[in-house]
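These come from TrEMBL:
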TRANSMEM  123-141  transmembrane segment
BINDING   G129, A131, V132, N136, S369, N401, L466, D469, S470  Na(+) binding site
TRANSMEM  153-174  transmembrane segment
TRANSMEM  195-222  transmembrane segment
DISULFID  C234-C243  disulfide bond
TRANSMEM  286-303  transmembrane segment
TRANSMEM  315-339  transmembrane segment
TRANSMEM  359-380  transmembrane segment
TRANSMEM  400-419  transmembrane segment
TRANSMEM  439-466  transmembrane segment
TRANSMEM  495-522  transmembrane segment
TRANSMEM  534-557  transmembrane segment
TRANSMEM  578-599  transmembrane segment
TRANSMEM  611-633  transmembrane segment
Amino acid sequence: MGERGGGTDEARVRREGGEVVPQTDLHTRLQGSLVSACLSLEPKRAVQPSMLTEKVPVGLMSSVVAPEKPTANTMGPKEVELILVKEQNGVQFTSTTLVAPAPSQTHPSGEEERETWGKKIDFLLSVIGFAVDLANVWRFPYLCYKNGGGAFLVPYLFFMVIAGMPLFYMELALGQYNREGAAGVWKICPIFKGVGFTVILISLYVGFYYNVIISWALFYLFSSFTGELPWVHCNNSWNSPNCSDWADNSTVNDIYKATPAQEYFERGVLHIQDSNGIDDLGRPRWQLTSCLAVVIVLLYFSLWKGVKTSGKVVWITATMPYVVLTVLLLRGVTLPGAIDGIKAYLSVDFLRLCDAKVWIEAATQICFSLGVGFGVLIAFSSYNKFSNNCYRDAIITSSINSLTSFFSGFVVFSFLGYMSHKHNVALDKVVRDGAGLVFVIYPEAIATLPGSSVWAVIFFIMLLTLGIDSAMGGMESVITGLIDEFKFLHKHRELFTLFIVTATFLISLFCVTNASIIPQLAGGMYVFTLLDHFAAGTSILFGVLIETIGIAWFYGVDRFSDDIEEMIGQRPGRYWRLCWKFVSPCFLLFMVVVSFAMFNPPNYGSYMFPPWANMVGWCLAISSMTMVPLYAIYKLCTLPGKFCDRLAYAITPETEHHLVDNGEVRQFTLQHWLVV
């Protein structure tokens, strides 16, 4: 301790080293040191008059200016509080205090700063581009028409509110708070990390066949640069004797006839006639293989630098579909019969709501249209700033997705009404969903318009952009999820991205084969159908169910709400908490049971898959779902201690393992399970 000398100018202060220094010199030295220290730190708050303290004896100065003991959290910028201390004899000293930063400025874990989106709009466009995909065009309008028209919006919006938006919000908040991909976020409850690998695998499986759809669109786009579209007549080399236009089809049995557009897709593009079924594999067609290679190259250069590059690509891929849909609608409503098609789309039949199947299809559409459960929303939001308002983002993007589905129905049914009027057939004869709508019916309608090649180019550019940003989202889920889990990959993102897209390309080649070479494998379109049926059906519902249980029940909906409040300064309302804890899990459990109970084996037209093919499909689906129990067993086996201790560590956030050492386990108390 220093000594105070009577208050005179010659007062001296003894320092620890034994050197006696005049008080004025000490003041000068301290002031210079503190200024240097302040300049090396990040100033956060200016000196305020209220910081002036009462007169303090010089003898107490050592306690004021002594450096603070180092704390555990020394990472990240510190706030500097400057306190002016006035001595009795008029000599002034300045001390500093390191103040913990506000939670909105730095991630609480103290981890190194993560890459973030260049602009907020980059993130919003990426989420919208992923959620708004081909299914918004080829699935929702058909479901709406088949299930009571406008009445279908009742169950659709109902499930949107009780499950779609809450789950969408949950994934955005989960990724943003934990700043990691689908597997890494489960440091909040390590035993559930397997569900992270489940969704990563599902995204990878979907990429195997989804990229093929984009390659079809690219093939059609290249084929549209011609004076006469190739799907107009029946005099092409791929046509069969059964090829006939609509006029002929109206007078003969439709089972034995096919339109030029239908034969172009099945025989000219897919070459279905060259394969006898799932057990007949052929060499990849060079045309589709080339298109697939172009798609893979586009994906790679959109993803190789992370969100800095993908965030710029979506400015085109996410906005172009809206421009094209608007142009097509303006053209469609001018066609004869278009209004009749739109009326049929919007016709209200509330009696259809008595059919349980209508509600099941609405629930299924909600589950898949928003893109929940693929790990994409978690990956995208993990690159947000910590204080980003994810609640507002969830409301905006999920609403835009649903409005896009509804809007696309006007575009689709204006052309379907035109086709019905032109060929003088009932609307039911031309309405279909899936690939048949966008690769058969719509191209045929476009072919009848003046300047058909131009309209075809515009339409397939829309399909290309609709697909490419959704494929980017799926690949980003895989890349971010694995890079965050295996840290050494961070330095090799470009090479790892190349590896993922190349592996996807090689597997996708099985979907573009035709002629028989190697028996007992598959024909291209049949592989595609099998993947489409099993890769992301029951397994994605199961993954989201386990994800919701892990967050709302084991981690705790109250703790999760605290995390959200820490980010955006606003705690989720009781409605959201009730949905997360009770409504959404019950909804997802119901959907999983229904998907098993109402399972139908896949088929392509009249072709039924053999039993061994269905077994392969189920193995594919189960391979992703088994990640949950397998990782849980692995975690329990590798942790130390008795079983109860292992379980406690496995269900407690990694940042709270020290509490387990003291016997404090929240999940072992009744209050944890009852609180909402």
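Just so you know, glycine gets a Cβ as well, placed from its N, Cα and C.
With Cβ pairs under 8 Å as the measure, the transmembrane segment (578-599) is packed most heavily against 534-557, out of 123-141, 153-174, 195-222, 534-557.
Excluding G129, A131, V132, N136, S369, N401, L466, D469, S470, which define the Na(+) site, the same chain contributes I128, F130, D133, A135, G371, T404 within 8 Å (Cβ to the Cβ centroid), listed in sequence order. If you look at the transmembrane segment (195-222) against the transmembrane segment (315-339), you find fewer than three C-beta pairs under 8 angstroms, all six or more positions apart, and that falls short of contact. Three or more CB pairs closer than 8 A are found between the transmembrane segment (315-339) and the transmembrane segment (123-141), so contact between the two stretches is assigned (pairs 6 or more residues apart). Checked against C234 (disulfide bond), the binding-site residues V132, S369, L466, S470 differ in C-alpha distance, with L466 being the nearest. Of the binding-site residues S369, S470, S470 has the largest number of other Cβ atoms within 10 Å of its own Cβ.
Of the Cβ pairs linking the transmembrane segment (400-419) with the transmembrane segment (123-141) and spaced 6 or more residues apart, 3 or more are under 8 Å, so the two regions touch. Considering only the binding-site residues G129, V132, S369, L466, S470, C243 (disulfide bond) has L466 as its nearest partner by CA-CA distance.
Here the transmembrane segment (359-380) touches the transmembrane segment (123-141). Their Cβ atoms form 3 or more pairs under 8 Å, with each pair 6 or more residues apart. The Cβ of L466 (Na(+) binding site) lies under 8 Å from the Cβ of V132, D133, L134, N136, V137, T317, P321, each of these being in the same chain and 6 or more residues away along the sequence.
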